[in-house]
Amino acid sequence: MTAVTDAPPAPMTHREVLRALSGLLMVLFAAMVSSTVVSVALPQIVGDLGGTQSQYTWVVTATLLASTASTPIWGKLADLFDKKRLLQVAIVIFAAASLACGLVENTGQLIALRAVQGLGMGALQVLVQVIIGAMVSPKERGRYNGYLGGVMAVSTVGGPLLGGAITDTDWLGWQWCFFLAVPITVVAFFMLQRTLHLAEMKKADTKIDYFGATLIAAGVSLLLLWVTFVGNDFDWISWQTAAMVAGSVVLLGGATVVETRVKEPVVPLHVIKRRDPALAVVASLAVGMAMFGGAVFLGQYFQIARGFSPTEAGLLTIPMMFGVLVSSAVAGRLVSQTGKVKPYIVTGALVLTGGFAMLATIDHTTSLVFMGVGMFLVGTGVGMAMQNLVLVVQNSVPLRELGAASGAIAFFRSLGGTIGVSVLGAVLASQVADKIASGLAALGIDTSGSLGGSSLDLDAMPAPVAEVVRASYGDATGHLFLISACIAAVGFIAALFLTPVKLRETVDLVEEIVVGEETVLGAK
């Protein structure tokens, strides 16, 4: 006879969820905007601190490494410890690091503190999703995905605009790109203290897999370092590539062996190996590569190929933000009403593929209206697919594994985005160099020198040369979107094979347990 376990905790009311969600969305906005707001200001920041081009790269890489590598670890910690307390610890880490970043005196300090900020940033992004998963059932979770999509859209597009405004305002200065997050997170901290009330989960003896976590962090960090610097600091086929790729394979292979043997694995391989979670991971990897890898170059296209200012370039990406905002809200509502998630993921991946296919035809003279339609389709596809893929994984695991599962899919999405940016960046550099060389040759200009280190200060170039550079960037960008369309198509194919299940209406997985002749519900 099987003993009866505790029944799953009663779900929070819609009003209670909205109150807690306000603080969670503030935290998520602060974390995401802190990444994008710095992008425009970074040249001035590094210049004021007397940094080098190498240090410029490391300011970005430090945050990326810490955030991505720590994501699955934070997710697992959410399964082992109190989620609310863990979130508050992450808020303190992030706020303190953000404050310190604005007070640095040299680039070395900024790199170190950006790594700490990245730890907090990765924690906040995954913990917000885990906590929402602990508050509401997968079916009801769809209606709240619209809010998440809205925050992601506003922070992604609004961050660079805000960064440009801050750096252009003399009495503020670039330091406020970092200070900005502090008051937001402080207010959110106290809001969550009052409004976030999660049911306590009874846990067995807590054992942290330190060895597995170390192997995962080291392996992922080495892989991301290779992805960041290959094609720039060394060739794709080189001893550095061989050493770094081999090292990451050995470390991650060792982590896989460890994770299959420990009681509390950081990455739940038994979940990832199942059909639907595995397909969701593949689709998330593809969507991340296509979305982040493709969209990140839109700003460069508008500024270099079309001659717009950074602020204008940010405004021109509003159609994408609007697409994410509308589609995530509408799809989320429909998911909650029907309990079905596959149709919206498939449709979203298809629309994403179509949007990138449309953008693959652009050059330096393409109509901005045409560009706007293509960006709107890309945003619509992302809004329908990205958050709903998280639901697929969360729907298949009990509450006790929610953090690890959520952290895993967030990790693969971030990893895909990082790889996408690196690969597409290398393609863009190669295409641009070839097109500039042929364009300058047509003008009778000697191109025997290296073009890779040429300045991109178009105002300092003779008009004919500047036009060649603009045309080269504009025409080469279309190739990136063609690659993005092919990658998105992989996500579409993976989505087609998802099982058409209905999302559960309970926060935790429940199963029927027979005690004698009586059937009761117990949490798995």
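Positions of Cβ are set from backbone N, Cα and C atoms, glycine also.
Here is what TrEMBL records for this protein:
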DOMAIN    20-503  domain 'Major facilitator superfamily (MFS) profile'
TRANSMEM  21-43  transmembrane segment
TRANSMEM  55-74  transmembrane segment
TRANSMEM  86-105  transmembrane segment
TRANSMEM  111-132  transmembrane segment
TRANSMEM  144-166  transmembrane segment
TRANSMEM  172-190  transmembrane segment
TRANSMEM  210-230  transmembrane segment
TRANSMEM  278-301  transmembrane segment
TRANSMEM  313-332  transmembrane segment
TRANSMEM  344-362  transmembrane segment
TRANSMEM  368-393  transmembrane segment
TRANSMEM  480-499  transmembrane segment
Any contact, the transmembrane segment (344-362) to the transmembrane segment (55-74), with at least 3 Cβ pairs under 8 A:
no
Same-chain residues near the transmembrane segment (144-166), Cβ under 8 Å, at least 6 residues beyond its ends:
17, 21, 25, 28-29, 32-33, 35-41, 128-129, 132, 136, 172-174, 176-177, 180, 299, 310-311, 313-315, 317-318, 320-322, 324-325, 327-333, 335, 379, 383, 386-388, 391
Local confidence of the prediction over the domain 'Major facilitator superfamily (MFS) profile' (20-503), expressed as mean pLDDT:
83
Per Cβ pairs under 8 Å, the stretch of 21-43, 55-74, 278-301, 368-393 packing most closely against the transmembrane segment (210-230):
55-74
